[in-house]
Structure formats: C-alpha cells, structure tokens
Amino acid sequence: MRAKVELAVLLLVLVGVAAGTRPPSAPPPVTEDTLQKVAGSLEMYVDELPQMPKIYGFSMRHGHPSPIRLTIGMYQKKWKFHRDLPASTVFVFGTSAATATFPGPTIEAAQGVPLSVTWQNYLPARHILPWDPTVPTAIPRRGGVPTVVHLHGGAHPPQSDGSAFAWFTAGFGETGPAWSTPTYTYPNAQSPGVLWYHDHALGLTRANLLAGLLGAYVIRNPAVEAPLGLPCGDEFDRVLMLADRSFYADGSIYMNYTGIIPNIHPQWQPEYFGEAITVNGKAWPFLAVARRRYRFRIINTSNARYFNLSLTNGLPFTVVGSDTNYLSKPVTAASLLVSVAETFDVVVDFSQSTSSEAELVNTAPYPYPDGQAPNDLNGKVMKFVISPAKAKDTSRVPAKLLDYVAVAEEEAVQRRYIVMYEYEDAATGNPTHLYINGKRLEDPATETPRPGTTEVWEVINLTPDNHPLHLHLATFQATRVRGLVDEDAFKGCMAKLNDAVRCNVSRHAVGEEVAVPEHEKGWKNVVKIAPGYMTTIVVKFFMVDSGKPYPFDATAEPGYVYHCHILDHEDNAMIRPLKLIK
C-alpha cells in the first residue's frame, strides 16, 4: 500500500507539473516593512468579535438527540478581516457559498450520537496562494485545489480521519490514492469538549489553512456538564480561534512566493508568521463583557505562531480543560502558552477586574522559543470592554471536574523512541526539510500499536524549535521533560546510526528536569516538545474517559498519522504513519 501511494504521489507531481498545474504567478515583491505598514494601518479593537454560525450535528426526536447527515462545502469567496481593509479572497467552509465564513461554522455534536458529514469541494481550478511542488504534494492532473478534512482531536475510523492521501478536487473530479468515501462518520463517543476541523491535504495544509479551511467542533453532554455549573450559553461560552495573517494593501492574504533556499525549494519556508492577529476571522477584535464569569475555548489555528497569552488587567485564567478533555480539577494560571493546534478551555471572571478594559496580549517569541519578541502588532490579540455594572451570575467553577483513566505508565507494553530532525543546506545553513526518525511519510510505518494498549513514547527533539506533537486518534500526556547532556555527541551518533538506544540515550537524557505545568497534566492530543530535551509521553490507544475500546475498527486502512503541527514542518515532511494492528 505505501509503495503504491509513494508511486502515485510521484506520478501526480510529474504529470501535474507537466500539465501546467502550477502555483499562481507571483505578484511584485513585497517587504516585511510593507506588510507591517499594512497591518499597522488597521486600527485595533474596532470590529466586534464575531460569533460564528452554528450547525447542529443532531436532530431532536421525542426529546432525545438523533443522528443526522450534514453536507458542508468548501468555497471561494470574499471575507472582511477588518473594517479598514478591503475584502480578502479566502477558501472557507459553509452549507452554502453565501453562508460560508472564516473560520467555518461551529459544528455542535451530542456525545454518543454519531454524525455523518459529506464534505464537498467547490474550490476553483487554481489556488489563491503559492505552494511548492518540490515538497511531497497532492498535484491533480487536471487542475483544481486538493482538499481533505481532518477532525482534530476526534476518535473516529481511519476512513474518516482525513488521510493526506485521501484528497479530492471539486466535484470529486480527481481523488488521491487513499480516497474511499465522500462521507465521513464521527461517532462522538469521546468526552465532551472542543475540537476543530481543518484541511489535511498532502503538502498543502499550510496554504489551505492559511486560506481559511478551518472551523470549530464542540461535543456536548448536558447530563455530564450541567452539574459542573460552568458558564454556558452562546453569550457566555465562546470559542476563540486565533490565527495570524499578513495582508497586501488590496486585502489579499500574503504568503511568501520565494523559498528560503530557492534553488532547492522555490517557495517553501520553515515558518509563516503574520503581522495581524485575527480572532474568529477579525483582526484585533473587541468583545463587550459583563462583570461575571465567561468560558473561552481557545484554539490556536496559526501555521507556526505560538501564543503566550495574558490579560493586561491581571486577571488569571482558570483552566478547566485542554485538547478536548477536562482536567480533573481547575488550575489557575497567570498566562497560557498555546502551541500551534493546541486548545485550552478556560474561565475568566470579569467581576474581579479593577479596570474597564483588558487586552489579551501575546509575549511568545517567534519562532518559539528563541526567535524575536512580538512587536506592537503581533503582541496584541483582542480587547475585552468590561461593563461597569455588576451582573447576575449563577455559574461557578467547581472544585472537582471530570476524572479519566489514570496515567499508569507501568501498564505500557511498548517503549518507543521518536526523534525529531532538521536537515540543513551545507552552503547556507538554512533548513531543507524535517523528518521524524529520519523517515518520510511514504516510508513504511514503524509505529504499529495495538488497540486497547498503553505505550510510552520518548520524544527527543534535536532541532532548534519547539514542536507541537500531534497524534491522530490517540490520547496522551507528558509525564517528564529531561534535558540532553553532551548533545553534540548524541547528535553525531544519531546522524550515523539513527538509533537512540544504540546511541545510549539513557546516558544523555540526564540533564535538567523541567516540570510539566499543572494545567497541561491532562489527556491531550498536542504536546509541546522542547528543543534539547527528551519528553516522555504516555499514550493510550483506547477511550480515556471510559477506558473502553474504540467503537470502530481502528486497524482499517488507510491508518492514521502523527506529526509536528507547525504546518510548514508537517508539509516538509515532519509526519509519519501511525498504523494500528490487530
């Protein structure tokens, strides 16, 4: 299967490029100063935070939720990111072109009620953003924009996972080698929480998400959640989808047309960072809030930017969940470091504010952790305008939330070593590509767990960047973060042997131990992997809320993947197959 997939990808690249299926022509060159001037011309906090349209993933029959089928399309249209910026051409999700939004509609599902979604592609023959045919990429023979949808954080069958090789163009005119069905099934059997859906096409994830193919997905269960007493209802329980973008003066979304090493990769660069920060599709919006508790489900949908979030009036975040799952008890945090694709579920009590306004600000360097500090533009996120009057508030933050299965590292049946590499061009020292365990996505799977088991993965980061590690299907938790000593010697050995055990990793992973933050000690689907450290994660291949097996065959084709969720890294080629076996 993998050999056929690899051959199919190669043929698509050769035939597609030969047939003229190329990235769009480059506009006149633009400088970073110009992009900053465009962003700087936009007055902050003049657009109200949008509430994205909601689509229910069930119908009520005799007082109970019942399964339904949805049809959601991907469309090209215009979107206003700011009052003073011309409308931008975007790719967006919706039930029609007229109702499609950036981000897409929030799908609200009921726990235990399956949902079927037919994803349809109505996108044009050519992409609105540049892409690079020299990285492994879905390139159809007859043009079109390949897409495929992944429900991030979902526990669902492999056929509904959105394999990078299961892409399709408009009208299913062409499909990838792993494509099997236009309709995906989401069991919604997992714990209530917030997920998000986004494009996952081979080599195009960074361009397709930058264009707007993303949206929120919330699983609810009133019987489980109502007793907690957390803020609820559309006004007081809000999804915040964060994304950085840069714009041309005409409103077009900027993406680089020239690569960091053009003679190797004409377009690819290791990270995309935008000057404007958007929340729910608006640049630096504001939200008027009452003096009471609010629940915010924060999702970082940026390509590469980390956010270190805090409120300028000193109010803390009370973290109640992360990455679709609740914590066992609330944790108070003055700031939140949110990696790419990571989510945090927090409560903010505005009744405790001594000011009438609070800015949500960002202090995370980019790239993280050793890049440049945020500036006056990308260091701001949004503003809360706080009512002077005291408001009625019946919500609370309980002392206890929800319990899931124990970490139980001793139950692990397998210990794996996962090593992150960055490869450099000898002439320039710039990165050319990134691999996990020195292998490509097209290479045979080496991570082959069995459903119902626990594994320990020792994730070793030999690159300069922090990487948000995402496993499809599985749920995991970091338990230890240990620094590497004599790292150069270890890197030298790994360059020769590519084997952590033979390179005596136990002798090197004895450095400083960094505590996992309390609000990250929960079951997650994204964990930050710090450079120069070995991070121990305990991985569960079953439902962590109940301890039960998956309610579907997780060993079916085309399997799953795990990858770095910095999209520019994932596309080139920091992604590997994850194949469960019987």
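Backbone N, Cα and C define each Cβ position, glycine as well.
Taken verbatim from Swiss-Prot:
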type     : residues                       : note
BINDING  : His150, His470                 : Cu cation 1 binding site
BINDING  : His152, His198, His565         : Cu cation 2 binding site
BINDING  : His200, His472, His563         : Cu cation 3 binding site
BINDING  : His467, Cys564, His569, Met574 : Cu cation 4 binding site
DOMAIN   : 285-354                        : domain 'Plastocyanin-like'
CARBOHYD : Asn256                         : N-linked glycosylation site
CARBOHYD : Asn300                         : N-linked glycosylation site
CARBOHYD : Asn308                         : N-linked glycosylation site
CARBOHYD : Asn504                         : N-linked glycosylation site
SIGNAL   : 1-20                           : signal peptide
Inset, instruction - Sort His470 (Cu cation 1 binding site) into helix, strand or coil using the DSSP assignment. - result: strand
Legend entry - binding-site residues near Met574 (Cu cation 4 binding site), in sequence order, restricted to His150, His198, His200, His563, His565 and a 10 Å Cα cut-off: His563, His565
Legend entry - For the domain 'Plastocyanin-like' (285-354), mean pLDDT (0 to 100): 99
Legend entry - Env. residues of Cu cation 4 site, Cβ within 8 Å of mean position of His467, Cys564, His569, Met574 Cβ: Met420, Leu434, Ile436, Asp465, Pro468, Leu469, His563, His565, Ile566, Glu570, Ile575
Legend entry - Surrounding CB atoms that lie within 10 Å of the CB of Asn300 (N-linked glycosylation site), all protein chains: 26
Legend entry - Cβ-centroid neighbourhood (8 Å) of the Cu cation 2 site, His152, His198, His565 excluded: His150, Trp196, His200, Leu209, Leu214, Thr301, Ala341, His470
Legend entry - For the Cu cation 3 site built from His200, His472, His563, further residues of that chain with CB within 8 A of the site's CB center: His150, Asp161, Gly162, Ala164, His470, Tyr560, Val561, Tyr562, Glu570, Ile575
Legend entry - Between His150 (Cu cation 1 binding site) and Asn300 (N-linked glycosylation site), the C-alpha gap once rounded to whole angstrom: 16
Inset, instruction - Determine, using Cα-Cα distances only, which of these glycosylation sites is closest to His198 (Cu cation 2 binding site): Asn256, Asn300, Asn308. - result: Asn300
Legend entry - Under 8 Å by Cβ from His467 (Cu cation 4 binding site), same chain, sequence gap 6 or more: Met420, Asn461, Lys528, Ile529, Cys564, His565, Ile566, His569, Met574
Inset, instruction - Calculate the distance in Å between the alpha carbons (Cα) of His563 (Cu cation 3 binding site) and Asn256 (N-linked glycosylation site), and round it to a whole number. - result: 23
Inset, instruction - Looking only at C-alpha atoms, tell me how far Asn256 (N-linked glycosylation site) is from His200 (Cu cation 3 binding site), rounded to the nearest Å. - result: 20
Legend entry - Secondary structure content, the domain 'Plastocyanin-like' (285-354) (per DSSP, counts of residues): 3 helix, 44 strand, 23 coil
Inset, instruction - Can you check which residues sit near His470 (Cu cation 1 binding site), meaning Cβ under 8 Å from its Cβ, same chain, 6 or more apart in sequence, and list them in order? - result: His152, Ala341, Asn525, Val526, Tyr562, His563, Cys564, His565
